[in-house]
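Swiss-Prot lists 768-785 with the feature compositional bias 'Polar residues'. Per Swiss-Prot, the feature region 'Catalytic' maps to 1-731. The region 'Catalytic subdomain A' annotation in Swiss-Prot covers 144-237. Residues annotated as region 'Catalytic subdomain B' in Swiss-Prot: 314-374. The region 'Disordered' annotation in Swiss-Prot covers 765-785. Summarising the annotation, Swiss-Prot assigns site 'Important for substrate binding' to Asp233, Asp235 and lists sequence analysis as the type of evidence. Under the heading transmembrane segment, Swiss-Prot lists 24-44, 71-91, 105-125, 404-424, 428-448, 465-485, 514-534, 543-563, 1481-1501, citing sequence analysis as support.
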Amino acid sequence: MYGTWFTTGKVTDLLARTGLDRVPVWVPVVLGVVLMAFVGSVRIDPALQGWVSIGTVTLLLVLNRRRGRGITVFLMMLSLLVSLRYIVWRLTATVQFSNWLQTALAVLLLLAEAYALMTLCLSYFQMAWPLRRREHPLPEDMAQWPSVDVFVPSYNEELSLVRSTVLGALDLDWPADRLNVYILDDGRRKAFHDFAVEAGAGYIIRAENNHAKAGNLNHALAVTDSPFAVIFDCDHVPTRGFLRRTIGWMMADPNLALLQTPHHFYAPDPFQRNLAGGMHVPPEGNMFYGLVQDGNDFWDATFFCGSCAIIRREAVMGIGGFATETVTEDAHTALKMQRRGWGTAYLREPLAAGLATERLILHIGQRVRWARGMIQIMRLDNPMLGAGLRWEQRLCYLSAMSHFLFAIPRLTFLVSPLAFLFLGQNIIAASPLAISVYALPHIFHSVITLSRIEGRWRYSFWSEIYETSLALFLVRITIVTLLQPHKGKFNVTDKGGLLARGYFDWDAVYPNVILAGVLCAALLRGVFGIVWQFHDRLALQSFILNTLWVVISLIIVLASIAVGRETRQTRNAPRVSVRLPVVVTDAHGRQMEGHTHDISLGGLAVGTRLATPDMVGGEVTVRYDSARDGIHVGVPARVLDARDGTLRLRWAVRDLEDERQVVSMVFGRNDAWAGWADFAPDRPLRSLAMVFRSIGGLLRRRPAEAPRALHEMGEGELPATEEKLEKQSFVLKPVPRSARHGATASAALFVAFTALVPAAMAQEAPSPDQSGVTAETPFGDSNTGVVPDALPAIDPAVADRISDAEVTRTLTFRNLGATTGPLTLRGYSPLQGLDVVVPANRVVTHAQLTLSGALSPSLLPEANAVTVTLNEQYVGTLKVDPQHPQFGPVSFDIDPLYFTGDNKLNFHFAGEYRRDCNDLFNEILWARISDMSRITLTTVRITPERKLSRLPAPFFDPNQRSTLRVPVVLPATGDRGALRAAGLVASWFGRIADFRKLSFPVSTTIPASGNAVEVGVNLPVDAEGGRPAGPMLAEVANPNDRWGTVLVVTGRTAQEVEVAARALVFSPDTLGGVASKVVSDVSLETRHPYDAPAFVPTDRPVRFGELVGAADLQGGGFAPAGMTLPFHLPPDLYTWRGRPFLMNMWVRAPGGPVVDLETSRVDVSLNNNYLQSYTLSPPGLWRKWSERLVNQHAGAVGHVTALPPWLLFGQNQLQFNFDARPIDRGACRRTPGDIHMSVDSDSTLDFRRGYHFAEMPNLSYFAEAAFPFSRMADLSETTVVLPDHPDTGTTGAFLDLMGFFGASTWYPAAGVTVMGADEVAQTPPKGDIVVLGTAAQLGGAASGLLARSPYVIHDRHITVGQRMGLQGIWYLFQDHDHAGLKDGVTANLNAPIAEAGVLLAAQSPYDSQRSVVAFTGDTPERIHDLVLSLRNKGDLPSLQGDLVLKNGDRFTSYRTAPVYTVGSLPLWLRLDWFLGHHPSALYLAGLAGAGLAALGVWAWLRGWSRRRIARDDLTGEL
C-alpha cells in the first residue's frame, strides 16, 4: 500500500533478505491490533496479572533507556495494551449497581476514565511522529519574492506594547517595496495613528467593530492586496528573518494555505513565576508548540493560532474570510480552509516572541475563551462530521476540541474517593491487589511513555496541575457552551501589566481552596475510619485505598493553589538572558569589550573587566553588530551600577531609530529564541519533587495584602482619556522603508552620531527601591531588580393376604423432614404439613400421633385452635390454654383406613387475639409444633403379587425416602456378560431412585429373606427348576422366604442375558401381568453427547413445565411454602468471562383489592444462594394492554434473572419464596386468606450461551453429575476395568456405581464396556475409564492406567511420584484453590491407606481428551463405602480435586495433577481460556501484538513523513 516498510537499518536488511519488506504495512498493523485487542480482553487472576504487569513494566524500563522513534512507537503500543487491559477490567469486573446513587457515581467515574483513555490514544496519535519541518529556501532571484502584508491587530492595548511589534515588523528582512506593515486599530486611537505616521507603517480602522479580531482582519483583507498576509498579535515581536524562513514553503507549495510558527513567550507565565522552582519547568504552552503542532503538521492538520503565521489570501478569501462564528476564529479558520482541500504547515522554530499572561486570573480568562471557542466549533462545525477532511485530520481536531472537556473528568477524578468516605458508596468494587496490578501499571506506562515523548516540552504531573487550576472555572463554561454554543463573546487578554507588591489572588484560587478543605475533611474521615473504627478486612482495605486517593488529589489541588501566590512584577520590559558581544564606549572614547548577561527593552547588563564605580551616572554608547542578522546597534545608555565586573545600563533612547535598534537587538536576532526548549529531559521523580517544592511555597510567610496595580500607573491614578478618531473606514498606506531610510544609511548616521557624544554628566544612580518606571518611558525598566522567589385403605377382599407378624415403628417429625426446627404457624402462614410414607408392601393396622409444642398465650381460647388432618381427614384439635401455653405430649389415634402410600399430615392454625378485628401479621398470632413430636405406625406385610407388570415393585417403592437396598445375586465366575447385564439393571434402578440413596449388596446365593435380583446364564425360572427358553424375565418366590420375591434375569447365553436385561430396563411396560416371559431384544437409538434425559437441554430455552408439574409451582396463602425447581446440568458449561445464564421468570399474584403488590415480593434463590427479590407489582397500563394482545404471559409479571455460572452445579435447585402483604382494608375488615400465587410454568431457563468445556481432573464434576462419563447417557464411551475375578464387595461397588450413573443421567447404562485388568495390556480401554479394585487385585494394570497421575500407590501407601520434564515449571502456574484443597503440600504426601478408600482422577494415558477415575483402597469394603459416598449429599462438598482419601467418616482432598481440558470451544474462546490460564503466553502474545502493530505503524509513519516532505534536507530525523 505504501511501498516497502524500511529503507535503512538492520531491520530493513533482514526484511529485505526474507522478502517481507514487500508485505503491505496494513498487514502487521491489523494482525497486531487484533492480537492486542484479544489479549486486552482476556481476564486472569489478579495474582497472575501481577506477574504480567511486572513483565511489562520491566520491559518498559529497559527499552526506555534506548532512543529512537521505533522504540517510542513500540512503547506507545505497549502502553495502549496495558491501558486496554485496565479499562476492560474496570468495565467487566469492578462495576456494581446496588442503588441509584452508586450507579450514578460509578458511571460518572467510568465516563471520566473513558475520556482519559480516549485522550491518551489521541495524544499518542498526534505525537507519534513530529514532522520536524525545516525552512524551505527562497528563490535566488529576489524579483520572484512576493509582496507581503503584515497585520498587527489591536483594540485596547497600550501603545508602548504595540510599538515594539510594529518596529520589529518594519525591520523584517524583506524587500522594502514588497513589505507592508499595518496597524489594525479597532480602538481608533489617535496616538496609534500618529505613531504609524511617524514609523511609516500603515494604519487601518473601520466604521464598526463587528466580530472582534476576525472582523478586523477581514476588513484589512478587503483593503489590501498582497498574496500573503502575516499576522502578529500586538505583543508578538518577530525576528528579522521571519519572512525569509517561512515564505519559502508558501511559494514551494501552492496548495499551502497556512504556515504557523510557535508562540514563544519571553516572559514567564504564572506557573513559572509564582511557583517555587517554576523557572526550571518548561512553560505551559511549550508542549503544544513544541510537540503537538509538529505532530499535527505530520497529519496535515496544523492549527492556525491567530498570530505568528502566514496566510495565503486566496485560501482565506475562498472561505469568506476569517471565521466569525466562534470566539476562536483562528482554529475555525484553519478548519474551514482544510475542508476546502487546502494544506497547512508548521515550522517548529520560534520566529517571534511575546508576553505571557502575567497573572493567574488572566491566564484562566484566556483559557476559558479558548475552551468556549473549541467547544463552539465542536457544536457548530464538528470536524468529525461533514465533508472535506481526511480521517487523520478529523482525529487531530477531535483531540484539540475534546481537550477542553477535561474539566468535568478532572474534577471527577479528584472527588471520587469522597463517594466512599462521605456517602459510603463503593464505586470501584475491587480488592487493593486487583487495583494495584491493573491500575498502577496503566498509570505507570502512561506516565513513562508520555515522559519519553514529551521530554523537555512538558514535565510529568504538571498537566494535572495546569488542568486543576482551570477545572472548576471551566465546568460551567463547558456545560453552558455545549447547551448554548452561540453564547459568549471575544475577550482581549490583558498583557504587560505590573504588580507593585506580591499578594495571594483569592479570586483565582478560591474554588480550589474550598475543594482542598473538603479533601482535608475527607482525609480526616479516612484516617478516623482506619484507626478508630472496627471493620472487616474488605472495609479496611477500602478505607485505606480511598484515603490514599484523597492524598493524591490533595497534592494536586494544593499545587494548583500555590499558583495563586502572585509575585511582585515591577518591570515593564522583562529581561532576556542572552550572551551577546558588545562594545561599550564611554564619554572619553574608551571602548570596553564585553558580553551581555541579559537585555530588555529597558536596558541591559554587560560583563566587562573594565567596569569601574566611577562610571555610575555617566552615559555610554552600546554597540552591537551582527552581519549574519543584518543588525547594527549603536544606542546610548546610562550607567546605573558598575561593580563586580558588571555594568548595569538603562537605554537612553533619543528617537524612533534608537528604539528600532533596541527592538532589533532584543527581538530581531534570528537565533534570539533558539534556546526556548533548553530544559533538562523529563525525569518523573524529579518532576514530582518539583511539585512538592511548589506546594512548600504555600508555607512561606504570606505577603501583606496590597492593592493590585495592574499596570504601571500609580495608585489612585486614573488612565488618561485617549483621543479617538472618527468611526469610519480609513486606510493609511505604509511608507516603504526605502523612502524613510535604508538600513545602511541608518547605521552610518548612528556611527557619526556616537562620535559626537559629549562627556557623561555627573549623576548618582537611583536608590535600589526605585523602579525606574515612569509614564513617559515606554521602555521603563531599570533592569536592576532582583528576580522574586517563586404416604391406600385395606380392602376386605384382600385381608386374608395379610401376615400375622406386625412391626411397630416410631418416627419423629425430624425423621419426616422437619430438619430446620419446629413447625411454626402464623396468621399469614396458617398451614404446615409433613409427608408420612407407608411402604407399598405393608398396610397400617394401628397409628398414633403424639404432639408437643406451644400456642400463643395472647390468643382468645374460644376462637383459636390448631386442627390436625391426615389426607384431609380429621385427626384432632389442639386448644389454647392461656395459662399453659405449652402443650404435650398430646396423643391422637388415627384410623388406619386414612392411610395410603404417601400421606399428608397437615396442621391448620386459626387464631384471633381480639373479638372485633385482627391483623394477620401481628406477631402474637403464632403456634409451634415441636420437631420432636412423633407418629407411631404398626404395619404388617401383604402377600406379594408376582407380576412383571408391577415392576419395579416390589423391589422399589417410590414413596420411600430412606436408603433403598436391592440385593443382587451373581454367579461367582465373574462373567463379563452377567456383569454388564447386572450393571444395566442397577443403572435402571438408579434412574428410578433418582436422588434417593440406593445400594446393591451382592451375593452368590439367594438371600435368607426379602427380595433380590438374580442375574446369570441358564438360571431356574420357576419353583420346579425350569430353564430359560431364550432371553427371559421371571418373578419367583424366594425359596427361603415366602414373602420375598426374586427377579430372575437370564438366558441361555451371556448375550441372551444382556438381551433380557435390556428388555427389562427399556420396555418394562410391555411385559404384561405374567410372572415370567421370554423377551426379545430392544432396538436402541444412537445416543448423542449431552442428550441424557436428566440434563436440561442447552440448545434451546427450557420451560419450567418440562421440569416439574404446574402444581409444584403454586401455593396458597400470603406466605406459601417455598416452591422448588430442581434441574440437572452437565457441569462442563463454560461461558466467556463467566457470563451468567438467563432465566425468564413470570409470576402471578391475585389482583384487585387483596394483595398490596407494591410491598409484596418473591425471593429467588439458587442452590440456597440468594439471587434477587422482585416486586409483584404489575407493569404499566400501556404494557399491560399490549401484553394482552401479543403475550402468552398476559396478567403475569415478568422478570429476567441472571444465574451465575459459579452457583450452578450438576444438581441444582431454584427456590421461589413469596412474601405477600394484604392491602390495608381498614379496621375490622376481613382479609381474604385463601389466595394463590404461582410461578408460570411457561417461564424458561436458557443455557444456550454455554459451551461444553472443562478443566480436568475435577472429582467434584464426577460427584455431582458423573462427569465426564455422563456425557454419553448410555455410557457408550465408558470402560469399567475390574479385577479379573472380582469378589462380591468389588462387584457390589460396581453395581452401586452403575446405579449412580443411572441416577445421574436418567438413562440405563446400555453401552458400558466391562473388562478385566489382565485385558488392559492386550486391548487398551477406550473412552473414559473407571477403575475399581484394590491395588493387589488390579496388579500392574493400575500403574499403567494411572500413568499420568502424579500419585503412586505402593505398599499400602500413596505418595506423589517423580515429576518429569517441565512439570515442575507447570506447577508455578497452578491456581490457588480456596475450597479446602491442600495445594502446594502434596509434594510431601506419603499417606497410609490402611482401612481407607482412595478416589483418584487423572488424564487417560491413551487419549489426552479422556479421563480415568479410580476407586481403590485397602479392602473392597472401603471401595464400596467410597462409592456409597457419591449418594450422600453431605459428602459431596468433600469430593473434589484429583485425590480424595476417606478414613472412616473423614475426607481429605488434594489437587496436584496438571490441568488438562475436555470439550471444545470456538477458536477465539479457546485462545481466551488459554491465555487466561497461562500468563507467560499472555505476556508474549501481548508483546507480539504490540510489536507487530508498532512495526507496521512505524513503517507507515516513516513513509508518510517522506511523502509529506519530499526532500530529506527539509525535515529532521525520520
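Yeah, the Cβs are placed from backbone N, Cα and C, and that goes for glycine too.
The listed stretches are 71-91, 404-424, 1481-1501; of these, 1481-1501 has the most Cβ pairs under 8 Å to the transmembrane segment (24-44). Within its own chain, the transmembrane segment (1481-1501) has Cβ neighbours under 8 Å at 2, 4-6, 11, 25-36, 38-40, 42, 44, 51-52, 55-56, 59, 69-70, 73-74, 76-78, 80-81, 128-129, 298, 1474-1475, counting only residues six or more beyond its boundaries.
Of all Cβ atoms in the shown protein chains, 23 besides its own fall within 10 Å of the Cβ of Asp235 (site 'Important for substrate binding').
The average per-residue pLDDT of the prediction over the region 'Catalytic subdomain A' (144-237) is 94, rounded to a whole number. Taking DSSP states H, G and I as helix and E and B as strand, the region 'Catalytic subdomain A' (144-237) has 38 helix, 24 strand, 32 coil. Here the region 'Catalytic subdomain B' (314-374) is broken down by DSSP into helix, strand and coil counts: 30 helix, 7 strand, 24 coil.
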